[in-house]
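S.K.: So Swiss-Prot says this about it:
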{"type": "BINDING", "residues": "GLU43, GLU68, ASP95, ASP117", "note": "S-adenosyl-L-methionine binding site"}
{"type": "ACT_SITE", "residues": "ASP117", "note": "active site"}
{"type": "BINDING", "residues": "LYS121, ASP153, THR191, GLU192, TYR193, GLU194", "note": "substrate binding site"}
Amino acid sequence: MRLRNIPGSREYIAQNDYVVHDPEQKKGKWHEVFGNNNPIHIEIGMGKGQFITSLAMQNPNINYIGIEKYSSVLLRAIEKREEYEGDNLYFLRFDAESITDIFAPSEVDRIYLNFSDPWPKDRHSKRRLTSSEFLARYDQFLVKDGYVAFKTDNRDLFDFSLEQVTLSGWQLRDVTFDLHHSEYVEGNIMTEYEERFSSMGNPIHRLVAFREKE
């Protein structure tokens, strides 16, 4: 999908107080950013921010970090953020390839991946956010009981993700191939993509992956 560039988006983001501009310097210190020791949940590839902003509004005692690498998309998330007066949500313009540079061991409690880029070509499989390579990264900074929650309408990507989770030695739970007609739909917050795809009749797939640590 080609993203439309919005003139001035980078400059606006660079001056916005809801965006952390030096995330590498916050590694191991995110609780200082929020000013408390509440759990930290992150969304990688948050898009226009509807999902994570809704979560932050519903859960003021949880800290949220939304990560998006495209400036024009992040700008839309900031617009939503500016309508929310809470102090438990920050954004990063950052490429998840280097995510271990910004989070220390046991610093994150939960990771959300929603409608991630499927990178359909086999040679790009390592770029998929549910690949074994990315799972190994997440394992470095998730707490002992932390987990990854993943949603997609792409069946090929979902099948790949199920396989990668198992091959990586992680465990699966709450797996469904049709979220909106399953027991797991209660409390589900939809993303912009999810609203569109489900309205077209596309089933939404969901899994939770966790690693049993000693």
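Along the chain as shown, the residues are counted starting at 1.
Including glycine, each Cβ sits where the backbone N, Cα and C put it.
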S.K.: If you pair up every Cα among GLU43, GLU68, ASP95, ASP117, the residues annotated as binding S-adenosyl-L-methionine, what's the maximum separation in angstrom, rounded to an integer?
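M.R.: Across GLU43, GLU68, ASP95, ASP117, the widest Cα separation comes out at 14 Å.
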S.K.: Far apart in sequence but close in space: which same-chain residues, 6 or more away, have a Cβ under 8 Å from ASP117 (S-adenosyl-L-methionine binding site)?
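M.R.: Listed in sequence order, they are GLY45, ARG127, ARG128, LEU129.
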S.K.: Roughly how many Å lie between the Cα atoms of GLU194 (substrate binding site) and ASP95 (S-adenosyl-L-methionine binding site), rounded to a whole value?
M.R.: 23
S.K.: Sequence order is fine: just name those binding-site residues in GLU43, GLU68, ASP95 with a Cα within 10 angstroms of LYS121 (substrate binding site).
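M.R.: For LYS121 (substrate binding site), the binding-site residues whose Cα atoms are within 10 Å come to none.
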S.K.: Greatest CA-CA distance (Å) over the residues LYS121, ASP153, THR191, GLU192, TYR193, GLU194 that the record ties to substrate?
M.R.: 25
S.K.: Measuring CB to CB from ASP153 (substrate binding site), give everything in the same chain under 8 Å that is also at least six residues away in sequence.
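M.R.: The list for ASP153 (substrate binding site) reads PHE115, TYR193, GLU194, PHE197, SER198, ASN202, PRO203, ILE204, HIS205, given in order along the sequence.
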S.K.: Roughly how many Å separate the Cα of GLU192 (substrate binding site) from that of GLU43 (S-adenosyl-L-methionine binding site), to the nearest whole number?
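M.R.: Cα of GLU192 (substrate binding site) to Cα of GLU43 (S-adenosyl-L-methionine binding site) measures 14 Å after rounding.
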S.K.: Between ASP95 (S-adenosyl-L-methionine binding site) and THR191 (substrate binding site), what is the CA-CA distance rounded to a whole number of Å?
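M.R.: Between the alpha carbons of ASP95 (S-adenosyl-L-methionine binding site) and THR191 (substrate binding site) there are 20 Å.
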